[in-house]
Each structure stands twice: as C-alpha cells, then as structure tokens.
Amino acid sequence: MARRPVLARHRIDFRNRVNYIGRFAPSPSGPLHAGSLVAALASWLDARAHHGLWRLRIEDVDTPRTVPGAAGVIMDQLRALHLHWDGEIMWQSRRGAAYQQAFDALAARGLIYGCGCTRREIADSALRGTADVDGERPYPGTCREGLPASRQARAWRVRVPPGVETFVDRWLGPQQQDVAAAVGDFALRRADGLWAYQLAVVVDDADQGVTDVVRGADLLGSTARQRVLGRLLGLAPPRVMHVPLIVDPATGLKLSKQNGAPALDCSQPLRMLQQAWSGLGFAPLAAATPEAFLQAAAAQWAQRFGMRHAAVPASPKAD
C-alpha cells in the first residue's frame, strides 16, 4: 500500500486543477531590479505559454531583512510592467502554522535534530576543503547523534538521506547533486524561531499547487535539497527552469539588492521588458506597447519552451 503523503492538507481542489501553475516569489528586501525582472518575465511567459496560472508569493519569511513598504512597491512595479498575477497573494510571514505542521511531521519520524554548531565551527570543520554550495560550507554532522554536553540548539536540521539527486532543468539540461555530501543536513529552523527558506518554499509550492518553478540560476544550488525535502514530506517535485543571471558589466557581479542594483524605472515599461527579453537571449521584438510585446514574446516562448503554435491568451489583470 502506498504511503500517504505527509502534507495531505492542501486547500487546492485537484479535480479542477489546471495543467500548469507557475509562480514569482520575490523577497521584500527592496524593489525589483533588472535581474529580478528577467526571472519574473521568464516565469510569467512560461505560465502564459502553457495557458496556465501565474501566482505571486511574497517571501517575507526572513523578517529582519524585510523592508517596510517594499512588497507594495514590488506589486506596483509588476502592475506597471503589465505582469498581472492570478488569484490571491501568498505571504510567507502568515504561514507559520503550515511550516510547523511540516516540521512536526518530519520530527515525528525522527528526521529532525537540534544542532549547536556555530557557522565558524562548521567552516573550520574537517570538511573545510570541500567546495561551498550557495556560499555555505557543508554541514559535517557534528550533532547528528545528539548535542554535545552543555550545548543548546542553535538550529534544527533535517537528516538528509544518502544518494545522488538527479533532475532535468528545462533550460540547463540534466543536473545532479549528492546533497548529503555537498550540503549535509541542512537547517529548517533557526534558534530565533525563524523558518528556513528551504522548508518554506517547499511547503508553499505544494500548497499553491505549483507545477513549474522558473527562477534565476543563482537558485539552482537549492533545487536538489528542495527535492529531497519534498520527497521526505511525500510531495511530488515541480519541474524547474533556471534562467540566466544579469551581470553588472562594470563589476562582473550579478545584479542583486545586496550588490546595490538600482530599482527598475517602470515609467518606461516597454524598454524594461525589452531589456529583460534580451537578457534571456532573444532578439528584439517590434512592439509599440507593453501588451503587444508580451503577446508576441509569449508566442515566441511557446514555440521554444511550450505548446507549439498554440494561441496565447491575454493575461487577466490582478484585482
């Protein structure tokens, strides 16, 4: 008898589920910039090319990094760019109960343990010669068999099973990662009570019924561990596509809020959309309005990545 999925609480009516649900999930640590627009445009086009839904999720789970008012600015930018989302917005800061339920389900199976290690201790561990993944050292498993005497938990980690995780990225092709070796047991909750991004995104994608994740290539390193975590929770993984990053030609660094990327000038939406389209490797489109551009771009995207020669419907506007 097949094991029942742990998270059998989704509020989606799967009898009426569309074949494609995508999402854009910005963090409200500042306004959108040219790099984030590339990811937003790619995910929007992929949803429209598949006649699917495009959800908006505000990833404000890391509350200390949240900038007051930034979420509203992001929504205004998307509207100005004519990238209208479908349905209600999901806010991670309001979903603690959902994350707790997933955490408790894993803990009940002995898959969670407390860890008292500091970042410095992990960096100075026996694995210090191992390559970083997403800027972090792999966790060496110091507390896997129990906290050392006089130590208190600074984080709670999930026990990663052995094995190589393989998947096909729709842009980059076949990928694989030995999560246990490259990442180790990763944190799901911090000592201050904040939930980790990896747990939040897996639970949120499941609750929103997401079938396809289209995002920047800087998040490719998170995919394997998210698939592992989803499988431990009894969830089917979404398809993934990681699109190119936009690099500052002066510094060679990717455009990001941390690197001081300027906010989008949404007073010129067509120019911003054309630049993002170029960043995805497409030739310029002859279009006089943002609506005409998006219609033509979605048709080209469908030819390359979606249902060939399908009519592309106009996007419904968000409320």
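From the backbone N, Cα and C atoms, a Cβ is placed for every residue, glycine too.
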Joining Arg23, Phe24, Ala25, Pro26, Ser27, Glu59, Tyr197 at the L-glutamate site recorded in Swiss-Prot, out of Arg48, Arg189, Arg190, Arg215, is Arg215
Among 64-68, 174-178, 204-208, 254-258, Swiss-Prot marks as motif ''KMSKS' region' the stretch 254-258
Largest inter-residue Cα distance among Arg23, Phe24, Ala25, Pro26, Ser27, Glu59, Tyr197, Arg215 [record-listed L-glutamate binders, Å]:
16
On average, what pLDDT score does this prediction assign to the motif ''KMSKS' region' (254-258)?
63
Do you know offhand how many angstrom separate Ser27 (L-glutamate binding site) and Tyr139 (Zn(2+) binding site) by C-alpha?
26
Residues lining the L-glutamate site besides Arg23, Phe24, Ala25, Pro26, Ser27, Glu59, Tyr197, Arg215 (CB within 8 A of their CB center) are Arg57, Ile58, Val201
Could you say whether, by DSSP, Cys117 (Zn(2+) binding site) belongs to a helix, a strand or a coil region?
coil
